[in-house]
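Here the structure comes first, spelled out in structure tokens, and everything after it is commentary.
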């Protein structure tokens, strides 16, 4: 019966194959196919001759030799005339003698099946395909393809790979899979494309003392001495990238949802208590999504596993979600408030995929954002429902800003990117697919209304359950549910790169709006968008929403305010609550009104955030002067909201670097300005947590103290040193709460030098003694904070040592301003090793972006370009271009500052800075 499951979903593939074959026939061929193996090379996708229906996979990993053996029997439907079967395989040794295709004998009363052996078995390494050439045309209909193979448990954190952990002081191995985006082919031959959904029956032969988990529950386990054979229930239809296997030594905690779904969190032995918080979040999130999507979770169990070596933060495998430890485990005593929030957001993100990605799957990687953008958005929706007191939508603005920053580059890309080859996928797993995707989803929900949006989504999920969808399918569902022109509106946001800046000014008591593409370089950009404009005038009770569909439009302010006497002074705020993915540039008069509204606390935290963020971006693009930006920043001197201050801190780091590059002889007043800006909140928050304080205050304390440490505030450095010494004597001292540890570690490193190594060596000792991944991450991200280049080099070399897990090395790449040149030399000297170790995945992009982007001279940009001229490949090409573009932007900004401090604005700028400086 399973032989015939899912046949209907091959109709479109069959039609595609029909035309694919016809294009390759001779005019007089009488249906005889003329295809050579060469025609399969260099193609973006597999040919559609055959459609997989069901996989029966058996694997035997050897954790000692780091090898595995396997076999796969794939039920296929041949849908077009062909003598070839082409599927994906990579880094596997195929037993060519084992390959066969079996099908029922046609037109015969004999019940025997016909077994066909290929004439030729070819592995095309560069295209990662396996080509089977048979002597005759294969019969249309169902058949069974059987292949035996062997492979290695690699150290690249993709495919079927090896992770390590310690148990009772002894190093142990575990076997783990990571197949997204296209690495199932490294574990078993398959049709490794998201549209090729099938069912999976998995059997594992593993050491009897280990735990072995897969997507589905165990249905049989047979122990034979040191080995056991585990068979799992057959999965529902799903894509290959969602298949998962984990084999190792684990503890677990479990709970049931209200409808009987068994949820477990697996972690290393001894860490089981750290999984309890994520377990509670998962159970509650499954209940929430069942209601939101109006479709129950579709599997009988959900396992979540913490993996020590894991390249991504997490992975949504169907029924078996894998995480790096910092994304799943929460230690009540030693984890931070931010760590706790991260667990909620990441768990909610991956569980959203169980519906949006796993149940309904993108048709091809061009539509990656459908999975990732939506899951990012809905993870905040879930977190807000579970923990409303956290105000996570205000914190979503941190992500939102990251998306705006990347999409403001010339070297950005549209949300929907045509993927021509599987090797290109890694480069679009970025802030555009995830964060811009989430932001435009939020914008659309705000425009359509929450209830309408939810109903339409539920309809979409039901319609495309167990199949594939494209972006247009989602727009059609939302358009049908709302009656709004969703497709027309959203195409302007997903099919072109970039976003607009909306310029607004007052002329004759009318608001004049103009849109143009925003570019961080300050150059002119092409593009026009249908923009959902929201605005308030003088009060949040006076609102106006409309679609800006042309390059310019006007609005009579008298329509907004009945009291005309207030027209000349009322503040006007566009993009209310920052729900729109665009920037706003106000004329001088409107900007003055908003600054007054900020000082008088008339505006919400999200709107105060938006005004500051847009002003900073316009200053960086040289569309606004430093003087006006510093004047605006001064209005935030009593700011206490986490989201606003956190963003202001990030800006301060950038501005301090730029001004130091522009005028290295006189950056002191700028530093004093920022110290004064943050001291107010630091004194309010103090060093100790307060009873009943908010979630956001708990997170803010560490960020403010870190900023004061970076800027060299002596009292902060002294107090941090005192608390660190107490911590070295007693790791459980209340003087060093987890929320301020990063700040203290940075403060300690700011005083480390070649002649004073105590702080550095002490942090290394703490790193080596702790088994908490979050603590290790805090230390790694602090070690390169020293102003001494020699210490920076030593810390960078430590990142490459065996003491640091491969995925954690990127945590220490954000070096101090003084260490930039050292880091660049280090990158060049170690590029061959870095490229070999991290070059097969997306982590390699962190090395380039973190070390290249902070520079601020055209000469350095040229040097970087020359170095990479012969070292660029498809995995880093886009990141390299973006990073070099950032260097150019920084260089132009430096020059802009130099010009400004040399002309008549210099006095005004210095007066603002000095008025706020601590003497």
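Using N, Cα and C of the backbone, Cβ positions are placed for all residues, glycine too.
Just so you know, TrEMBL annotations are computer predictions that nobody has curated.
Keep in mind the model is a prediction, meaning the values are calculated, not measured.
Over in TrEMBL, the protein carries these features:
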type	residues	note
ACT_SITE	350	active site, proton acceptor
BINDING	349, 353, 372	Zn(2+) binding site
DOMAIN	51-242	domain 'Aminopeptidase N-like N-terminal'
DOMAIN	277-493	domain 'Peptidase M1 membrane alanine aminopeptidase'
DOMAIN	571-888	domain 'ERAP1-like C-terminal'
SITE	434	site 'Transition state stabilizer'
Just to verify a number: CA distance, residue 372 (Zn(2+) binding site) to residue 434 (site 'Transition state stabilizer'), in angstrom, no decimals.
5
What is the set of residues, excluding 349, 353, 372, whose C-beta falls within 8 angstroms of the centroid of the C-beta atoms at the Zn(2+) site?
316, 350, 352, 356, 357, 371, 374, 375, 376, 379, 434
Cα-Cα, whole number of Å: residue 353 (Zn(2+) binding site) versus residue 434 (site 'Transition state stabilizer')?
13
Out of 349, 353, which of these binding-site residues shows the lowest number of other CB atoms within 10 Å of its CB?
353
Pick from 350, 372, 434: which of these recorded positions has the biggest number of other Cβ atoms within 10 Å of its Cβ?
350
In angstrom units, rounded to an integer, how far apart are the Cα atoms of residue 350 (active site, proton acceptor) and residue 434 (site 'Transition state stabilizer')?
13
Calculate the per-residue pLDDT averaged over the domain 'ERAP1-like C-terminal' (571-888) and state the result as an integer.
95
I'm trying to understand the geometry here, so how far is the Cα atom of residue 349 (Zn(2+) binding site) from the Cα atom of residue 434 (site 'Transition state stabilizer'), in Å to the nearest whole number?
11
